[in-house]
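This is the structure I want to talk about, given as structure tokens.
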Amino acid sequence: MSLRQSQLPTRCRSPQTLSPPQFYEPFNIIPINNLLIDHPSLRYPEVRAASSAIRFAGDLRIPPFMPWHDNMDLLDWLGLYFGFQGDNVKNQREHLVLHLANCQMRLRQPPTSSDRLDSEVLRRFRQKLLKNYTSWCSYLGKRSQVRLPSRHNSNLQRNELLYVCLYLLIWGEAANLRFAPECLCYIYHHMAVELNYILDDHTDENTGQPFVPSTCGQFGFLNNVVTPFYVTIKGEVERSRNGTAPHSAWRNYDDINEYFWSRRCFQRIKWPIDLNSDFFYTAEKRVGKTGFVEQRTFWNVFRSFDRLWVLLILFFQAATIVAWEGTKYPWQALEIRKVQVQLLTIFITWAGLRFVQSVLDAGTQYSLVSRDTKLLGVRMVLKSMVALTWTIVFGVFYGRIWSQKNSDGVWSYEANQRIFTFLKAALVFVIPELLALVLFILPWIRNVIEEADWTILYILTWWFHTRIFVGRGVREGLIDNVKYCVFWLAALASKFSFSYFLQIKPLVGPTRALLNLRNVNYEWHEFFTSTNRMAVVMLWLPIVLIYLVDMQIWYTVFSSLVGSTIGLFSHIGEIRNIKQLRLRFQFFASALQFNLMPEDQPHSSGATVMHKLRNAINRVKLRYGLGQPYRKIESSQVEATRFALIWNEIIITMREEDLISDKELELMELPPNCWDIKVIRWPCFLLCNELLLALSQARELADIPDRWVWLRICKNEYRRCAVIEAYDSIKYLLLDIIKYGTDEHSIATNFFMEVDNNLQFEKFTGEYKMTVLPQIHEQLISLIELLLMPEKDMGRLVNVLQALYELSVREFTKVKKPMAQLRQEGLAPLNPSSDAGLLFENAIQLPDAKDAFFCRQLRRLHTLLSSRDSMHNVPKNIEARRRIAFFSNSLFMNMPRAPQVEKTMAFSVLTPYYDEEVLYGKEMLRSPNEDGVSTLFYLQRIYEDEWENFLERMHREGYNDNEIWSTRARDLRLWASYRGQTLSRTVRGMMYYYRALKMLSFLESASEMDMRQGSQEIASLGSQKQNSSLNGLGSGMPNSQNLNRASSSVSCSAMMKYTYVVACQMYGVHKGRGDPRAEEILKLMENNEALRVAYVDEIYLGREEVEYYSVLVKHDRQLNKEVEIYRIKLPGHLKLGEGKPENQNHAIIFTRGDAVQTIDMNQDNCFEEALKMRNLLDEFKVTCGIRKPTILGVRENIFTGSVSSLAKFMSAQEMSFVTLGQRVLANPLKVRMHYGHPDVFDRFWFLTRGGISKASRVINISEDIYAGFNCTLRGGNVTHHEYIQVGKGRDVGLNQISMFEAKVASGNGEQVLSRDIYRLGHRLDFFRMLSVFYTTVGFYFNNMMVVMMVYAFLWGRFYLALSGVEKNIQNRANSTNNEALGAVLNQQFIIQIGIFTALPMIVENSLEHGFLPAVWDFITMQFQLASFFYTFSMGTRAHFFGRTILHGGAKYRATGRGFVVQHKSFAENYRLYARSHFVKAIELGIILIVYASQSPLSTNTFVYIAMTISSWFLVLSWIMSPFVFNPSGFDWLKTVYDFDDFMNWIWYRGILVKADQSWETWWYEEQDHLRTTGIWGKLLEIILDLRFFFFQYGIVYHLQFTRNKTSIAVYLLSWIYVIMVVAIYIVIAYARDKYAAKEHIYYRVVQFLVIVLSVLVIVLHLHFLHFDLLDFIKSLLAFVPTGWGMIQIALVLRPFLQSSVVWETVVSLARLYDMVFGLIVMTPLAILSWMPGFQQMQTRILFNEAFSRGLQISRILTGKKSNID
């Protein structure tokens, strides 16, 4: 223990007892701005050292025109000279002092002078903070302006501090510019120049006066530097039209930042800033993009990952060539010279693909070419020309080979020479690839080349890529290279083998047959009758598509295998339940001590190696139970007490959270050693029935010597401890309740002395009858039960004690002793006249009835004596059991040893908050929904055991059920809020870090006596309202005052290490409006000392002028009110980009420490996990690969999976990704990114490189993952750690889930366009590029391709069936039922039903819960229709991903985080899923129906089912899932109401109404993306819509009246019917609009004439044209899709048609179509709702998980009221 640790508790007073002095100024963490205040932090020598260092000004020139005071420091000096805001200076002063103090605390060897800042600490911090600036200077060839004197110069530390402070002050006031790190470098560079001028006493050439910076003056930096850049960014955002304009039309944050990657910024922008520079925004001119142009096209997928597509295309070509030869094995074909020559065509294809890539580069990036970037344009042209030249050269050489061979007739010498010539050219062609291969094998050479800023290297690499600041030196080490290479080589080998043998080769035979087929009788007008190439294309198209995407399946398979293997070696899932914990609890105690208690760190490197080796050996011994480590704990009272304090605190927090009951608390606690008990007192749930088993053994082995009996008992450690504890407790109890000095006390003392003596000399079984022990046991139980009764019955107590006396003294011994001998041995009263019957009558002295500690020990003893079950169900709460099992298992996993609290890295947690729920209100909890269910009632049923525990806690505190709503309403609201996704839950979870640090700090600094006292007091809390302070929202150790752990020293130590900042962007607005959320947030600050709230304050100065401020507030406990700490003016409105990253960015300046953890509003934490945060932070010191981590990935636990089966599906899907998926991404693939999970960032690394997210409008809608992209491209390292986890909530309703999936899919669609993905695809090596593709945008692209494959397959079968080809070839060629087609359908189906999720989920569940439970869980999910859900989700992802790439329209979709049990109306479901699922499913369904009616294969039922079952399953899933997973989805009455509501919505014609009220408003909103799409998007949309006309073309030739005519005139004449139908509709619509209101009779006449005419036409057709009823049905199937296609094309052409008379007809037809589609979808829903039993079945499926836990969902759905009103 250090000197400071031992002194702190004695010299500090609790701040709560002090009244604020007169000069008191509110502060954040340490009062660094007021050193006169009495605060424990100022007594840390490290704080004093850092503070004194920044106050050493030396001979610095005093700023002119400004008052200078003696108490000012270096930051004040910089602030006055450079015009920084005062509160920015204060903020960064505390920031710097706190960080330097923490860094100095972590020194292994303390400095010689404790009050002096260590120079090495400052040097390291300066190097880390300015590393990006130094790299930027080197990249641009500029000299760094950080000029430091020699080491012996007295001003070295001062100047070093000035450079550090200058950067921090710039960063702290840069506002939105923090997203442009190199822009900050530019600013810092010039301000450092000005700083050097001041330090060098430079004279201004213009004035002749000492130099003064251009920003000097109040708000000088903000107005003169930040605001011009801000105005430019704001102008570009306005040009984006809220993100709807093409990305190429405006500059985003990345464009602004990348302008500073070129030296032209120095000539253009200059310093002081030249506002006339063409960089700055003006409304009159448009400034071009910088570095990259985001173009909206599907070609981006090819362009970004061209190496992948080249590989797939070239292998497909080569495999087809080899397979076409028809040999059994491919290597046999390769021996044939013809095949060898044909394979040379892959070089022609390769060169052609390079040409395509070069054309795409030029076509998308041409706007980057300017006067400054002429060479870029030259390179674009040259690349296209060279690629085209190679294509031509290879084509010519290839043609010469065959011409020579054909002329010679054989493979002559000349022909072979021409082959060699081709190969020589190919060798030259692949030289760049060979060079890349060499550099891939030697990655460190490539890193050196890329990171070196030499001009010659730039010239040599100019041809291959543009020189950029990021993406350099990103290759991994050789070992990592080997690992992910082996992974991908195995996956690629499997994929290519499968593709060749089961996809390509089986299709060669049918293709040959089709091409050789002649005289095909086409049943329509075929334009290509000479060959059957169109049929071949239709046959190959689905195979080609699935070939391109099935790599995703192989990645899933191999990642599951590798992930499970890594998980096994990481010891995940070794302790899966409480039963397994019982077996290892003794070792668990030592593991907790080993991992969480610090030890002295060695100073020398040799000692460090031995130290690591010793730790590894100890960890192995603990993990595998070698030796008996718990003996050490038992013998060391201090270690046992530490373990007891930590374990009990964990159990107490669970009781505070109402996860366990009071009884379970007592069963699980580890009480302190008392009552002279000689062994460690294990929790009762471990000892359970061990005493009874020991008694049974003793009775059975009555005649065996003591040693043998004792050895049998000691084989079980818990049994040994239970026996000793029971005996010692009984001994202490009897001697305690019998009056001292009485004969009875003397008898008891002598009896126990005799027993102890017999035990010592192993004569116990020889002296006593073991058969009497059960009787003694029963009497002891009776005694304790009497003592536990509220009213003590002394008579019965005397009787029991007398019975015990008779049994123990007279019956227990084998040799009955006479009375005289008993008196002689002191076992009988000495007075012979004493009546034995009156023994103990006046000798009982019971403790005070209010002695809670005594009662608690009695209850424990009673449990030990009377427990008969094994207590495997303790605790019964599933969440509590899971947490305990995970925590205990994690302590046996590999993790760094925890350092001392003072040597721990300081860290912050940052949570962005907008306007979500803080705390559920009373009315919100009580108000019933449309089903009559209140939120509180729902929670009572879902969390039934936790509700009972809450009531028990309230009853213990003296409140009955009726008083809860009045007196303890806040406790009730808290209980409900802690089970939702609220801010209060998140704050409670994150404040566990503070609570854990306080406890650990106490354990490190407290004396043995303090810990014993704390252990005694923590043991008595259960009977003294230990949880009565729950209204503090998890205020951190409610028992801290009892434990003396709330001293200012402990709190100060924790505060210096941890800060929690919630970015409540709207807090100021809420306060102004009187919003209850503001009051609740204030209450959160009041009850959580370490909580800070950052918000944006808007000050209205006039009608138009508004000032914006970033404000940090806290609750001051001395002033007992909210106080403002910092107020920093902003250049304008906060939100220029996406909301969440902007919110994070404005608050990040108030965070502290080396690390920051990003926590979302739907996350939670628990105390036991917070204990391991010190271990996690130490991972930053561990080199992983060739780099230290910059992001520590953390595992998540999804806590919303128990609500319904749907929530379980989502939870399982998410769980497999956050565990196994990220495990593999981090190791071996080395491409784990940041996914919005609770990752921990290296704070100073990120704050100098653009922050923890990106914020550009729309393109960065998935803002979190860009932090991972940015980290990887800038040379960072992301790791993943599974010994610690954070809770996370997910959406639980289908509509919520779908909106979430839509948001993520749209975000991935935008990622495809982004420069980050492009650079990752080109800057990473080939195998890491594969990893990036298949784990980010590739996953969504492949989902979309699977849906496209279904379309291609069905349209292909449609073509074959209706053209007549299928009928012609059925008997002549086996092309419709082959192995390749079967493989394709199987792959499509397993992708469709969710194999991407199912396989990793099964593997991970097997690892963590066991194989059989995992399989059973999977089977259960299938019965719950999980495949329906995953197929439906696939459709959601495919729709929004494809639409975003094609048209844009990505936006943030608020999913809501409420509880979903209410029924969603049909109209709402239709609005949400009509375009993404319903219309597509109807289209596919029509194709399947037509195919069934026209295909000759339909006569073979088995073949038809086998070919179409997966497609029918998809159709069924897309139509029925919204109703299967909708509560009361098949309720007949609700279905009727939904139908009426839907029809009202369809026909409602209002003005300025919302989409949920009017179909027309919704229809226009649904097509908004077509208004903002580009010309190519519109053209492709029209091309896709042309498929609907193919229905009509195919079906009209199969109508009966055509009489098998195949003339094109048949199709053209069919359009007459389309025109007639549209004309009739127009006539009726015109008549309705003109006559329906006032001249209704005319309207009816028109209707009558139309009906008569229509009937007449039908009759004429039936009589004269051989028309039949089937033809009418077929015509409907033909013309309905045609009308829909016309409407879709009209929507694309809306700008031209909307002003014409046609548009009203389009709108009316669209309304009619949506009504028909709605009726089609509702038909199966109505049928199932009408049939009995389906509603109950659906409820069972949807809420099966809840049923299995005994919940009463049926009561929820029938709308019964809450038990509490």
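The backbone N, Cα and C atoms fix where each Cβ goes, and this holds for glycine too.
So TrEMBL says this about it:
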type	residues	note
DOMAIN	158-274	domain '1,3-beta-glucan synthase component FKS1-like'
TRANSMEM	308-327	transmembrane segment
TRANSMEM	339-360	transmembrane segment
TRANSMEM	380-398	transmembrane segment
TRANSMEM	454-470	transmembrane segment
TRANSMEM	482-502	transmembrane segment
TRANSMEM	527-548	transmembrane segment
TRANSMEM	553-572	transmembrane segment
REGION	1025-1044	region 'Disordered'
TRANSMEM	1339-1360	transmembrane segment
TRANSMEM	1380-1402	transmembrane segment
TRANSMEM	1414-1433	transmembrane segment
TRANSMEM	1504-1525	transmembrane segment
TRANSMEM	1676-1697	transmembrane segment
Counting only pairs 6 or more apart in sequence, are there at least 3 Cβ pairs under 8 Å between the transmembrane segment (1414-1433) and the transmembrane segment (1504-1525)?
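Answer yes, regions in contact.
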Can we call the transmembrane segment (553-572) and the transmembrane segment (482-502) in contact, meaning three or more C-beta pairs below 8 angstroms at a sequence separation of 6+?
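These two segments touch.
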Among 308-327, 339-360, 1339-1360, 1676-1697, which stretch has the highest count of C-beta pairs below 8 Å with the transmembrane segment (482-502)?
308-327
Counting only residues 6 or more past its boundaries, what in the same chain has a CB within less than 8 Å of a CB in the transmembrane segment (339-360)?
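Result: 299, 302-303, 306, 309-310, 313-314, 317-318, 321-322, 325, 333, 380, 383-384, 387-388, 390-391, 393-395, 398, 401-402, 405, 419, 422-423, 426, 429.
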If I take every residue in the domain '1,3-beta-glucan synthase component FKS1-like' (158-274) and average their pLDDT values, what number comes out?
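Looking only at the domain '1,3-beta-glucan synthase component FKS1-like' (158-274), pLDDT averages out to 91.
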Please work out the helix, strand and coil residue numbers for the domain '1,3-beta-glucan synthase component FKS1-like' (158-274) from the DSSP assignment.
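The counts are 77 helix, 2 strand, 38 coil.
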Checking distant contacts: for the transmembrane segment (1676-1697), what same-chain residues at least six beyond its ends satisfy Cβ-Cβ under 8 A?
1479, 1483, 1486, 1489-1490, 1567, 1570-1571, 1578, 1581-1582, 1585-1589, 1591-1592, 1594-1596, 1614, 1617-1618, 1621-1622, 1703, 1706, 1709-1710, 1713, 1716
